[in-house]
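Scroll down for the structure; my scribbles are underneath it.
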Amino acid sequence: MFNVVFVLGPPGSGKGTICSKIQENLGYVHLSAGDLLRAERERAGSQFGALIESHIKNGSIVPVEITCSLLENAMNLHKTANGFLVDGFPRNADNLSGWSKQMSGKVHEQFVLFLSCPVDICINRCLNRGEGRTDDNVDSLKKRVETYNNQTFPIIEHFGKLNMVRKVDSERPVEEVYEDVVKVFEAANQM
Ligand SMILES: Nc1ncnc2c1ncn2[C@@H]1O[C@H](COP(=O)(O)OP(=O)(O)OP(=O)(O)O)[C@@H](O)[C@H]1O
Ligand SMILES: Nc1ccn([C@@H]2O[C@H](COP(=O)(O)O)[C@@H](O)[C@H]2O)c(=O)n1
Ligand SMILES: [Mg+2]
């Protein structure tokens, strides 16, 4: 059974940055749903490239069957990992129900790491990220934030009702955020 930590927060809240550091130090494997979708978009022969790009530009959510299969395939490549950081998933009700259908009995969901940061700061971080992403522009970011507010935040609230959310303020410098994140992992792994 794979241990899974979902990592959620607004676009630009620092999910990828913090997950890299956890992967480096705590033996969890970082799987970013967005990165997996971008890789699938670029894969020669993929039948989903155009569909994925259209969702990415519009800040909308790709059907779960595609994303969940990419995640499960990636997990199966790292069978000895301590656990997986599933970054940017589940993002909406379709993601959540599809994941439950495909993954129940195969994973243990430890908790949800919620990186909380004001949206104006997040948008500025994305606009200055400098990675050439097709969705790091003002139009796409407006739509991504709308999707986050209307579809993703309710998923965080859903997990909150199950007492699974560990919230960390990610408006602060990376090192400070990471220090608190490590405490969350230490507490979870002592139980
Ligand atoms: N705590 C922080 N303080 C300042 N800048 C940060 C912080 N965390 C991340 N950044 C920077 O903000 C940008 C976005 O960070 P990152 O890619 O980790 O966010 P993300 O949550 O994964 O975003 P997305 O949802 O768009 O993939 C990057 O340029 C990163 O270096
Ligand atoms: N569960 C997901 C995750 C992401 N997407 C699409 O990818 C875009 C970029 O995601 P990042 O986490 O890298 O910011 C996102 O806006 C979605 O279009 C998705 O569909 N499902
Ligand atoms: Mg990211």
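Cβ from N, Cα, C; glycine included.
Feature annotation (TrEMBL): of 32-62, 156-186, the stretch labelled region 'NMPbind' is 32-62. Site annotation for ATP in TrEMBL covers GLY12, SER13, GLY14, LYS15, GLY16, THR17, ARG172, and the matching candidate from ARG91, ARG129 is ARG129. The average per-residue pLDDT of the prediction over the region 'NMPbind' (32-62) is 97, rounded to a whole number.
When secondary structure is read from DSSP and collapsed to three states, PRO90 (ribonucleoside 5'-phosphate binding site) falls in the coil class. Between the farthest pair of Cα atoms in the ATP binding residues (GLY12, SER13, GLY14, LYS15, GLY16, THR17, ARG129, ARG172), the distance is 17 Å.
For THR17 (ATP binding site), applying a Cβ distance below 8 Å and a minimum sequence separation of six or more within one chain yields VAL174.
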